[in-house]
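K.L.:
Below you'll find the structure I mean.
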C-alpha cells in the first residue's frame with residue numbers, strides 16, 4: 001500500500017449478503033478464501049492455510065516433507081480420522097506425539113470414546129468407571145482392552161531381544177510400528193480408522209519421546225517387574241528424526257504442522273530444521289515455558305531458523321485444524337492447491 005513503510009494491504013470485507021444467497025459449499029469456500037484479508041486472527045488462519053495446503057500437496061515431491069506434531073487430547077477428539085486420512089493418503093512424512101497420542105488412537109479400535117460435558121461431576125465419573133479428557137469420556141473397559149492387546153506385543157518383543165542376546169534394542173517408534181501391525185492382525189475390521197495403523201502401512205515413522213508417560217509405560221514397568229530384561233531405547237529415534245529433518249541431507253522443503261504445544265512441539269522443532277511452521281495453540285506467553293512461547297522466543301531459543309516461514313494461530317485445534325485442512329475446491333483439484341492458484 002502506498003505510503004506505508006512495511007508490508008500491508010487493504011482489509012477485505014466478507015460479503016455476508018452474498019453468503020446468504022449461495023449454496024453452503026460455495027459459502028464455505030468464499031469464507032476460507034476471505035480469511036487472509038479479514039484481519040486479526042482470521043488473517044493468521046488464512047496465512048496458515050496457504051502454508052498447510054501447499055505443503056500437504058507437495059509432500060514427497062522433490063524431497064518435500066510434512067511433519068505433524070499433536071497432543072493426545074486431539075486424537076481422543078474427533079480429529080483422529082482427519083489425522084488418519086493424512087497418513088492414508090501419504091500427506092505426511094513423520095509424526096511426533098505423546099504416549100497418550102498413541103494409546104488413545106489404539107483404544108478407539110477397542111471401544112468407544114464418548115462426548116459428555118465439561119461440567120460433569122468428577123467423583124461421579126470415577127465411581128462409574130469413566131475417565132475424563134475435558135468433555136470426552138473414556139470407559140475403564142477401554143483401558144483393560146488395551147492392556148489385553150498390548151501385553152502380548154511386549155512379550156513378543158521381549159522374546160526377540162532375548163533371542164538376539166540383547167543385540168536388538170527396540171525403540172519407541174519400532175514398538176509403535178508393531179502396534180500398527182498388531183492392529184491389522186487382531187482388529188482387521190477396526191484398524192482402518194487408526195492413524196497408527198496407516199503410519200505402519202505407509203512406513204511413516206511415529207516418534208514418542210515420552211513413551212513411558214502413560215498406560216504403556218505402566219505396562220512396560222509391570223512387565224519388567226515380573227520378567228526382567230525388556231529394553232526400550234529412545235536414542236536411535238532421536239537420531240532418525242534428526243536425519244529426516246536435517247537440511248544437509250534433504251533437498252526438499254520441510255514443513256511442520258504443530259497442533260497444541262508441550263512435548264510434541266518442542267521435540268519436533270528442536271530436532272528438525274524446518275522451512276515453514278504452522279502453530280495452533282492456546283498457549284500464552286505468560287506460561288514462561290518453551291512449549292507455548294511466541295515465535296520471537298522460539299527464534300531466540302534456536303527452535304526456528306531466521307528464514308523459517310512461521311504462522312502462529314491462537315485457538316482451539318479442534319476448531320482450527322479442520323479449517324486448515326479443508327479443501328476449498330470442488331474436489332476436482334488435488335489437496336493443497338492454493339486458493340489464489342499459486
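Every residue gets a Cβ built from N, Cα and C, even glycine.
Straight from Swiss-Prot, here's the annotation block:
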{"type": "BINDING", "residues": "72, 73, 74, 75, 76, 98, 99, 100, 104, 213, 282, 283, 316, 317", "note": "NAD(+) binding site"}
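Looking at the shown structure, can you explain where the listed features end up?
P.N.:
Using a 10 Å radius centred on the Cβ of residue 74 (NAD(+) binding site) and all shown protein chains, the other Cβ atoms total 23.
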K.L.:
Helix, strand or coil for residue 316 (NAD(+) binding site)? Use DSSP.
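P.N.:
Coil, per DSSP.
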K.L.:
If one looks at the chain holding residue 76 (NAD(+) binding site), which residues at least 6 apart in sequence have a CB under 8 angstroms from its CB?
P.N.:
100, 104, 113, 133, 136, 138
K.L.:
For residue 282 (NAD(+) binding site), what is the secondary structure by DSSP, using just helix, strand and coil?
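P.N.:
For residue 282 (NAD(+) binding site) - judged by DSSP and reduced to three states - the answer is coil.
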K.L.:
Looking only at 104, 316, which of these binding-site residues has the biggest number of Cβ atoms within 10 Å around its Cβ?
P.N.:
104
K.L.:
Near the Cβ of residue 72 (NAD(+) binding site), how many other Cβ atoms are there if near means within 10 Å?
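P.N.:
Other Cβ atoms found within 10 Å: 23.
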